[in-house]
Amino acid sequence: MTEPAIRASGLQKRYGDVQALDDLELTVEQGEFFGLLGPNGAGKTTFINTLVGLVHKDQGTAEVFGFDVEEDYREARDRIGVAPQEFNVDRFFPIIEVLEHKAGYHGIGRAEAQERAEDALKTVGIWDKRDTRFDWLSGGMKRRFVLARALVSDPDLLILDEPTAGVDVQLRHDLWEIINRMNDAGTTILLTTHYIEEAERLCDRVAIMDDGQKVEVATPDDLMARGTDTIVLELAEMPRTAPRLDVEGITDVELTDEGLAVTAMGGSQTAPAIMRELEAQGHTVTSLEIRRASLEEVFVDMTRDDREYAEVSA
Amino acid sequence: MNANATQFLTLVRREILRFVRRPYNTFLPPIITNALYFSVFGVILGSRIGEIAGVSYLQFVLPGLVVLGAISDSFENASFTIFHGRWNDYIQAVLTSPMSNRSMVAAYVSASALRGVVTSLLIVGVGLVFTSVPVANPVYLVSFLLVITTLFGGLGVIGGLWASDFDYLTVMNQFILRPLVFFGAVFYSLEVLPAFWRNVSLLNPMVYMVNGVRYGMIGVTEIDPNTSLAVLTGTTVVVLSIDYVLFKRGYGLAE
């Protein structure tokens with residue numbers, strides 16, 4: 001039987017009063033492009049750091065390709081390439097040497113390490129900067145470099161913690177292309193992001209985390225189907241008050257400047273019944289538009305509490 | 001070459017390149033400092049002091065200065081590289097790799113010990129400008145130098161893991177190591193001390209190191225070199241074991 005790329009069970013980590021991971025259960029299959037969403041403080045980075053050995057769990061188990069991250073830490077870490085959100089790069093050396101060192105730490109001999117370092121820099125498009133130190137790179141190049149460092153050991157599991165934070169649209173698309181190519185070649189990707197669009201476009205499955213727990217795991221489409229869609233209908237003659245609609249799944253009906261806005265679960269399934277109900281009441285529907293719930297709205301619904309949401313949609 | 005050896009050698013190489021490529025920070029200071037020591041203590045004051053233990057004052061203080069440079073630099077190298085790596089988080093590139101904890105400790109300590117040995121040779125080189133440098137017992141000299149640089153490389157690892165600010169590094173080097181070395185019979189013979197202070201001095205581990213290297217160079221010692229070597233070797237093993245346990249537990253490295 002094929003071991004999952006990641007299997008976490010009953011994972012717990014506490015920092016003082018804060019329960020960063022609270023009995024987390026999560027499985028990521030080999031070859032998946034898996035997104036990890038959650039508000040700040042949800043436990044995403046703690047979980048990632050547990051996998052790579054920068055956080056020691058209090059309880060539970062975490063395995064990478066069947067290797068326990070603490071008991072078999074060498075086997076587990078050998079399969080992981082990680083691009084953290086913060087720039088944690090050796091500033092003493094030109095970037096190509098930093099990559100050679102990283103490859104060497106993974107047991108790759110010098111000649112091959114040099115070759116891999118060159119290839120990794122070419123892959124992310126900054127080969128011409130190979131003799132430059134990290135501090136002298138632009139912000140976008142720094143993001144590219146951190147990805148190159150994660151790639152240089154040719155990992156089976158690529159962990160990307162906010163890989164496109166603060167980068168421009170063009171670079172974001174470039175990085176998506178590189179990551180997608182890796183995934184197409186069989187590399188399992190674990191991605192955390194604040195850009196919901198990123199998860200929606202890239203991920204096979206998404207886990208929403210909150211308060212150190214997994215709230216839900218599903219495909220982006222499944223998650224969006226669970227959200228409330230808005231059906232906007234234009235009527236030949238708009239009534240003065242919103243009509244009462246006796247249709248299952250409707251949560252709200254209101255008159256807006258655009259027309260009659262009906263909020264319902266599964267908009268495309270509910271729309272025909274709404275039209276029939278309106279026509280039965282003597283209205284003539286002249287146009288209909290279904291606005292699907294975005295993953296972002298579903299995300300906000302699932303993690304709703306007293307938090308600030310500003311950063312989620314930033 | 002197997003993966004373990006490649007991992008170890010990569011980190012050792014990285015460490016060596018770091019200090020070799022910055023000679024103004026690493027090798028020039030001990031050269032200048034020791035040239036000043038030799039000029040002031042050896043030439044100017046030494047000519048008035050005369051001989052101690054049958055050798056010139058310059059030759060008498062040379063082993064102590066070698067020890068001072070060796071332990072300062074091996075300690076400083078390990079503590080700085082680990083603390084700086086923690087401070088800027090780039091030590092995570094090592095920590096998230098499949099290197100064993102044993103290899104990490106061995107690499108940091110080996111590179112730091114090497115820097116201490118290189119510094120020793122530079123100080124001897126500076127000494128040669130001022131006086132002849134005898135080597136009475138080369139095996140002891142090499143053994144003591146290897147043991148004390150390894151010991152202080154190991155202590156530097158502990159210091160680098162413990163430090164939470166750059167001030168800690170200064171405190172350890174300037175306020176603990178340096179006074180111990182200065183009161184470790186570098187510039188004087190224990191014979192000149194009153195009995196009480198002589199006994200107090202024997203509690204200072206630096207006395208054993210200085211006397212050991214002095215025995216290796218000029219063949220004179222006030223403490224049995226075999227006992228010193230055995231105690232220092234034992235201490236080194238204990239310190240390296242502590243290094244390993246700290247790495248394994250992620251002290252200062254993991255949350």
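One is the number of the first residue shown, and numbering goes on along the chain from there.
Just so it is clear, glycine is given a Cβ too, placed from its N, Cα and C backbone atoms.
Annotation comment: TrEMBL describes B:21-250 as domain 'ABC transmembrane type-2'. Marked as transmembrane segment by TrEMBL: B:27-46, B:52-71, B:105-133, B:139-163, B:175-197, B:229-247.
Within its own chain, the transmembrane segment (B:105-133) is flanked in space by residues 8, 11-12, 15-16, 19, 26-27, 30-31, 34-35, 38-39, 42-43, 56, 58-59, 62, 65-66, 69-75, 77-78, 81-82, 145-146, 148-150, 152-154, 156-157, 217, 240, 243-244, 247, which lie at least six positions past its ends and keep a Cβ under 8 Å from the stretch. For the transmembrane segment (B:175-197), the most Cβ-contacting stretch among B:27-46, B:52-71, B:139-163, B:229-247 is B:52-71 (pairs under 8 Å). Among residues of the same chain six or more beyond the transmembrane segment (B:229-247), those with a C-beta under 8 A of the stretch's C-beta atoms are 101-102, 104-105, 109, 140, 143-144, 147-148, 150-151, 154-155, 157-158, 161, 205, 208-209, 212, 253.
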